Structure formats: C-alpha cells, structure tokens
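Undergrad: The structure that follows is given in the form of structure tokens.
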Amino acid sequence: MTSPAPEHSAAPLRVPAGTTAGTAVREAGYPTKGPDVIVVVRDGEGTLKDLSWTPEVDVDVEPVAASTEDGRSVIRHSAAHVLAQAVQKEFPDAKLGIGPPIKDGFYYDFAVDRPFTPEDLAKLEKRMKQIIKGSQRFSRRVVDSIEDARVELADEPFKLELIDDKSGIDDPEIMEVGGNELTIYDNLDPRTGDKIWSDLCRGPHIPTTKHIPAFKLTRSSAAYWRGNQDNADLQRVYGTAWESTEAQDEYLELLAEAERRDHRKLGTELDLFSFPDELGSGLPVFHPKGGIIRTEMENYSRSRHIEAGYEFVNTPHITKGHLYEVSGHLDWYRDGMFPAMHVDEELNEDGTVRKPGQDYYLKPMNCPMHNLIFRARGRSYRELPLRLFEFGSVYRYEKSGVIHGLTRVRGMTQDDAHIYCTREQMRDELTTTLQFVLNLLKDYGLDDFYLELSTKNPDKFVGSDDVWEEATATLAEVGEASGLTLVPDPGGAAFYGPKISVQVKDALGRTWQMSTIQLDFNLPERFELEYTGNDGVKTRPVMIHRALFGSIERFFGVLTEHYAGAFPAWLAPVQVVGIPVAEAFADHLFDVTKKLKAAGVRAEVDFSDDRMQKKIRNHTTQKVPFMLLAGERDVEAGAVSFRFRDGTQINGIPVDDAVRIITEWIGRRENASPTAELVQPSVAQ
C-alpha cells in the first residue's frame, strides 16, 4: 500500500569539480527543509549519490526530493540504520543482519536472545527519536581492503559473511555490499565529528538524521538469515518513515483501513472460511456462507467461458512423476512441489523388491494434464483454437513464512485455461484473451489495471532464444495495443515462457497481481503435440496458459478486502433479511421472503428475540445488502420498508415492487452497495 508520491523530475543541476553535491544544491536555491528537501542526487548513469559526494570533474545531476519514491527509499534506508543503532544501544549483545528499505517502509534483522515485545518497540522508538534529534551526520567511508573490513567487523558475523560472499550484491534487500568499493557508513557527532556508530553499507544516505521527520515502528516477527530456513533464527523489526508527518498520517490511516478490511479478520467475523490446525498450514475450508460466494463466483465465470467458446475438462489431483519429468517441472519447479508419494511397491519376504513402486506427485499445475487431453487423439487445424478450461485443484509447497490467509496458500483451485492455436492465430487469440480477462474482472468490480511483461530469466529457462524472443515480442505488441500501461519485469517469467500479468488496484489503491497470460512454445515440443494443417503436414500448436483469478482462493481474499466484506448483492451469501418491528409482523415478512426465494433470491427472516434496532445493527455488521422492515402500516398496505447498509431507508414500498426492485438489482449484477439514492429511481418505475 502506497500513498502516491510526486514523481516530477527536477531540472539538471551542474556540480563543479571539487564541489559537494550538497553545496551545489544549496547554491541553486533548492528547498532546505520540508517534504521537498533534496536528500540525494542522481548522476548521469542513474546512480543515487550522497549530498557529500564530490565529483572529480564537472557533472550534471538530478536533485532527488524527499517526497519522491527514490527520496522516500533513501529516508527509509537511513531510518533502518537509526533503528539498528537504537537496538545496539538497548541490546548491546545484538548482532546485525540486513536492513533494507522496502515498499512503504523498512526492516532490520537482528540476532538477539529473545523476541522483541511491544514494550521493546516503544523503547526503541524513544531511542530513535533521541538519535534523530541529535542530527548525527551520515558519512561514507571507503574501506581500504577486505582484510581491514574483517578486522573492523569482527564482532558482526553476518556482516562478515556478506563481505566474503558477494552473491547477494544484486539482491535489492542486500544494501551492505555492491559496486566496486567496500564502504562503511559512520554516524558522526555533528559537533565533534566523533564516530558514534557505523554499519557496512553501500548507501546512499540522507545528510543527517534530522532528515527523518516522521517514522514509526510497526511490528516485529521471526525471520531467517537471508530468508533460508536452514540458517540462523533472527528477529525482524519493521517500520515506516516518510518525508512529513502528514504523509505518514495518511499512510497509517490507510494501514488502519487495510487492517479493518483484512480478509482473515472478516473471514472469521462473517463466518466465511477458516484454517483448521488439523488440516495444516495454507489449507483453508469454506463455510456455507463462503461457499455461496465462491459458487456464485465460479458459476458466473463458467457462463462467461461457455459464451467465449471454452470447453470444460477435468483432471485428477495426483499423477505419476514421469509426467513432470516430461513437462520439466521436476527439473525447474521441484522446490515448489510436495514430496513424492512412493506407492505400489511390493516386497518379498526377505525384504527384496518383487515389484518396483512408482513416485506420484500432487499436481502443482494443470498444464501437463491438459496437454495429455490434447494429445489423446489426432487434431486438425479446423479444431483450433482449442480452449480447454478447468477449475483445477493444485498443490504447491509454499514455505510456511510466506503463507498468508487466502492470498498465499498451499492448496488452491485455479480457473485454468490452456489454448492451443496456430502461429497465425496467436496474436488474435492473445488479444481476445486479454480483452476477455479484463472484461470479466470488471464484471466483479475490479476496473483499475496496468500490465506487467515478465521476460526470460537467463539462468532458468528452457527452449531456444529465438523462440523466447518471438514470444516476448508478440506479448509486448498485444499489451501495448490494449492501451494499458505496460511495465517490464525483467527475468520474471516462468521457465517455459514469457507472460503478461494483469495488475489490479483495489479500493485502497493497493496493487494485486491477478490474471496471467503466458505464451509457451516449449511444452508442445516436450509433449510432441501436433495438429494436421490445411496442407496435410503435422505441425506444432502454440500453447497459451491463462488463469484469470490466479486462484479462486486468492481472488476471494482480494474481493473480500476490496469490498470490505460488503459483497455486491449478487455475490452476498444472504441477500435479503426481513426484520419485523414486532413479532406480530413476522409472518408478513415470511410471505415476502417466500416470493423472493421463488425468484432465486437468498432471503430469510430474523425471528430472534432481539429488539429491532439490534437486529438492524447485527445484519448491518453482517453486510446484508437489503433489509426489509415491516410494521403495522406496512402490513395494512401490503408493503415493506427498505433499510440499507449505509443507514438510509425507503418506506412503504408495495411488496411486488420490492420483489421486482431486488430481483432486478441482483439480476443486473450491480457491484455498488444498494442505497436509498441508488434504489429510488427503480421505485418510481
């Protein structure tokens, strides 16, 4: 979640040889305080430099303000150093891990004797404020040799590892090493110049700690050194830092709203789903109300796929391991698969093998099985494009540390399609598939998109460079033709082909990766897929992988947070609830709900002993879109009164009109929450 930062490019600034960048910035009249203060500069090669940097020749640089994303990132990295200094002041035996800036904040990992408590975080915040108030200067120092660095950092084992292992220099979370020099940043007393604290770091940093006007520590958690569960256990402290108190307050309010919308919290409050310990991590179960929402999501998707010419298939959950040897998954995706199940082995009495067993795997992806369906009989060019679709359950061994509610699970159902077409059909099929995906997402109320093009990872791919280049170029053409912003994702593709992913912004402006469209020339080769062309020649089809929701579970979680649990009426598990003013009027509402049920509406009457106002509060909390009230006048007039989630109301609507209004609203699949203002025009019809 990010509050948008102004990304205006400052005019180039000339820094004379022998002059610090900071001096040139001040003499040019740039702001010296406030959210637009310049914190670093960008040189001609795009590298961010400290304001203390002194070029040897005249250079043009771009001043970078605190209120830009790059400026914020530098502030957050410096705040991570302040945090680390505070931790070592409060916990002198703490050893330093890594402390990078991340989206909207920063973290630092520490080896300490026990987990941090909320009270610890409060103490650390107090200590950080003292450090910031002291205006310590960040001073870059080049270490003469690796040996000198080892001596200076002898008490920091994790830093020593980073010095010796340069494999992390391209990792954005490894800020300690990189480039041609080994550098340490000292925090200096502004009056005496004495070193107060230091850390191995490649920088850059803000000039002084006073350039951190707003920060907050948000939480702590367990972590592993370098993210590897086989490494040392560490404690991670997260925080956020901003260019102004106003910007931070805006972010914290956004964070609070995100917590209110957290699908895990709402899943419990609305009785939608749960994660029983007995099943294991990342394996959700959907309760009846959640099951209704999921069924409605799937049913609408099915109807749209039928209209678009998809054919439905079904495949098993497990398969022999040989299938994934053919597909390449065991070579390239084994770490993401559950371990093999060795079955069907028979032993003699002496323990020797009479009949060898076989390895079976839970399927991590549906594509190999869909290829077997394509290959089950001869195919003609007349059948292409062939669009095979399945709500297919797959299982992936996600590390426990990354599992998160419904948005990152181990068992999931993908709305998975594989399209087989000729090369001549490829571009048109990609174009129509992308448009189909975007239109269907809009039908669920998501309509703010951009595209991301993931290209080849040079260390992890199969197939020829020529084929990859053709596939990538075609996807790029289709993405650009859509009119949406196309953002590059270098090296982000799966091993078998480049992809376009649809990135969706929700009601809070957060970005979620949703649909993927992946071009694959590789698997048809590995599975020897063929069709007979119009010239009678056997030809390889082009294969397109396509998942619209990503997974049903993930999409469910995203929609829950997008709507804050107040699902559109067509998806709501309970669409209408009748609330009598007194028990005597309950039968009237029961008759109304019978009519609604006959029209396919999910309706019920609250017969509880609670007072009417409490019933209204309860069903408002449960996000019921339509509440129908009935008192003496309503019964006498054969009418009901509408009450909506926002507290608005329309009184005295004839029952038949009320049924019509509700069924039409649901039938149109309106994604807005019904209110008196929105429903009133239908009353007048």
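Using N, Cα and C of the backbone, Cβ positions are placed for all residues, glycine too.
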Undergrad: Swiss-Prot records C367, H418 as Zn(2+)-binding residues. Which of H263, H287, H545 is assigned to the same site?
TA: H545
Undergrad: Choose the correct range: of 1-28, 197-224, 617-644, which one does Swiss-Prot annotate as region 'Disordered'? Give that range.
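TA: It is 1-28 that Swiss-Prot describes as region 'Disordered'.
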Undergrad: So which of the binding-site residues is most packed in, judged by how many other Cβ atoms lie within 10 Å of its Cβ, out of H418, H545?
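TA: When each Cβ's neighbours within 10 Å are tallied, H418 tops the list.
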Undergrad: Per DSSP, to which secondary structure element type does C367 (Zn(2+) binding site) belong, with helix, strand and coil as the options?
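TA: The residue in question, C367 (Zn(2+) binding site), is helix (DSSP, three-state).
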Undergrad: Taking all residues of the domain 'TGS' (1-65) together, what is their mean pLDDT?
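TA: In the predicted model, the domain 'TGS' (1-65) has a mean pLDDT of 86.
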